[in-house]
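Chemist: Pulled these features from Swiss-Prot for this protein:
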TOPO_DOM  1-18  topological domain 'Cytoplasmic'
TRANSMEM  19-39  transmembrane segment
TOPO_DOM  40-55  topological domain 'Extracellular'
TRANSMEM  56-76  transmembrane segment
TOPO_DOM  77-87  topological domain 'Cytoplasmic'
TRANSMEM  88-108  transmembrane segment
TOPO_DOM  109-131  topological domain 'Extracellular'
TRANSMEM  132-152  transmembrane segment
TOPO_DOM  153-176  topological domain 'Cytoplasmic'
TRANSMEM  177-197  transmembrane segment
TOPO_DOM  198-229  topological domain 'Extracellular'
CARBOHYD  N210  N-linked glycosylation site
TRANSMEM  230-250  transmembrane segment
TOPO_DOM  251-299  topological domain 'Cytoplasmic'
TRANSMEM  300-320  transmembrane segment
TOPO_DOM  321-333  topological domain 'Extracellular'
TRANSMEM  334-354  transmembrane segment
TOPO_DOM  355-411  topological domain 'Cytoplasmic'
Amino acid sequence: MLLFLLRRIFDCRYKYKLFVKALVLFLTIVYNAGLVHFFFRTTSLDDSPEMNHVDYVAHVIVMPIVLSIGMINQCLNVCTLLHIRTSIFLYLKASAIADILSIVAFIPFLFRHAKLIDPSWELGMFYHAHLELPLINALISASALNIVAMTVDRYVSVCHPIKFFQNNETKPSRRRTMLIIVMIYFIALMIYFPSVFQKKLGVVTDALTNKTIYTIVRNEDVEALQVFKFYLIVRECICRWGPVLLLVILNMCVVRGLRKIDKRNWFWRQPSQNSRTETLAQRQLRSPRDDRSRISVLLFVTSATFIICNIPASVISFFVRRVSGSLFWQIFRAIANLLQVTSYLYNFYLYALCSSEYRHAFLRLFGCRSSLSPTSTGDSPTVRVSVHGKRCHQAVVLLGNENHENPVDEV
């Protein structure tokens with residue numbers, strides 16, 4: 001039934017409107033379920049039962065549902081991308097794999113908030129204190145940085161096609177892409193390595209059972225260092241604000257480049273003034289032009305959703321010391337964390353919106369379409385762009401885009 005509905009949406013003329021409406025409706029339901037009513041219901045700023053209730057609803061009830069749906073979407077995403085041979089899609093594959101790994105890394109995080117862990121297990125508590133959040137945030141950052149790398153590649157192919165092809169001729173595209181992906185994963189892990197020392201284990205002995213219990217506390221000595229404060233600023237710029245600014249700026253440049261390409265192609269294919277009939281070139285160009293207009297809107301929507309999902313987490317990182325004793329900041333933190341994990345939900349659908357090649361690969365995955373490669377259209381990830389001069393140079397332009405997620409802050 002789900003595959004039938006997806007196929008009907010793919011064949012719908014105004015499919016992007018249906019996807020946007022469904023996305024907005026789903027996000028509205030998720031955010032209102034167990035979160036918004038707390039903001040209007042509670043007024044105390046230091047009420048431990050209420051804060052525990054907020055934490056339980058956000059991280060034990062709502063977040064597992066979101067992550068479960070996100071895992072299904074990301075698995076479908078990876079399986080679909082495996083059927084696409086284009087080297088540029090390696091960035092999307094690497095991003096989706098990082099998302100799957102981060103969802104798996106979220107499982108101990110959820111167990112800890114559900115109080116399903118043994119606080120007397122030293123090795124387990126050591127992982128929760130030192131490795132849990134840095135690993136999650138590093139994987140989320142790797143996913144976001146892969147999208148940034150893909151966007152940079154797309155920007156060069158659209159705005160500087162000759163230089164793009166010169167680079168592809170001198171260096172193998174697939175090998176270069178794999179090297180960049182490995183470097184991105186390594187850089188993301190190195191960026192969050194100092195965060196390992198941000199928390200430490202506290203030891204408490206139960207007087208009744210004489211049992212040692214380990215607790216997670218903030219390492220105030222490390223956080224007070226000026227070097228560590230400078231590191232936090234650099235980390236936020238690289239992993240949060242940097243990807244946001246780059247995606248917005250580069251996507252705007254890509255949209256402008258696509259419009260220029262559309263105007264140039266339309267000018268060169270104009271019929272004579274005496275011709276009253278529509279030429280074959282016009283009929284072939286009209287559909288890609290409409291598709292590129294739709295892609296321009298989608299690029300704007302995806303950039304806006306990327307900012308909405310990640311800016312709250314960036315704000316909470318600057319007020320981390322106020323979170324533990326304030327109900328308002330606990331609610332804000334819960335909403336920020338949920339906003340970030342919702343990015344796992346919609347990127348699969350945005351890929352399907354932006355790329356007909358992706359849709360064809362998804363349908364071939366379930367045997368709904370023949371294995372023949374589809375003809376590239378205006379919304380396909382590979383579009384032939386004519387550069388008029390002495391000769392027509394052709395550039396491969398990636399038109400797909402998605403939002404990703406940035407690191408989660410938790411105190």
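Cβ coordinates are placed from backbone N, Cα and C, and glycine is handled just like the others.
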Chemist: Apart from its near flanks, which chain residues at least 6 from the ends of the transmembrane segment (88-108) lie with a Cβ under 8 angstroms of it?
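Modeler: Contacts of the transmembrane segment (88-108) (Cβ under 8 Å, skipping residues fewer than 6 from its ends): 63, 67, 70-71, 74-75, 77-78, 81-82, 117, 127-128, 132, 135-136, 139-140, 142-144, 146-147, 149-150, 153-154, 173-174, 177-178, 181, 184-185, 341, 344, 347, 351, 381, 396, 398, 400, 402, 404-405.
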Chemist: Kindly state the mean pLDDT of the topological domain 'Extracellular' (40-55) in the predicted structure.
Modeler: 58
Chemist: Based on Cβ pairs under 8 Å, which of the stretches 132-152, 177-197, 230-250, 334-354 lies most in contact with the transmembrane segment (56-76)?
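Modeler: Answer is 334-354, with the largest number of Cβ pairs below 8 Å.
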Chemist: For a quick check of packing: other C-beta atoms within 10 Å of the C-beta of the residue listed as 'N-linked glycosylation site', how many?
Modeler: 7
Chemist: Using DSSP, how many residues of the topological domain 'Extracellular' (198-229) fall into helix, strand and coil, respectively?
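Modeler: For the topological domain 'Extracellular' (198-229), the helix, strand and coil counts are 8 helix, 14 strand, 10 coil.
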Chemist: Go through the chain and flag residues at least 6 beyond the ends of the topological domain 'Extracellular' (109-131) whose CB is under 8 A from any CB in it; none is fine as an answer.
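Modeler: 55-56, 59-60, 63-64, 67, 196-197, 199-201, 211-216, 410.
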Chemist: With a Cβ cut-off under 8 Å, give me the same-chain residues at least six positions beyond the ends of the topological domain 'Extracellular' (198-229) that come close to it.
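Modeler: Non-local partners: 119-122, 125-126, 128-130, 411.
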Chemist: Near the topological domain 'Cytoplasmic' (77-87), which same-chain residues lie under 8 Å Cβ to Cβ, leaving out any that are not at least 6 residues past its ends?
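Modeler: That would be 93, 96-97, 100, 173-174, 177, 347-348, 351, 357-358, 361-362, 364-365, 381-382, 398.
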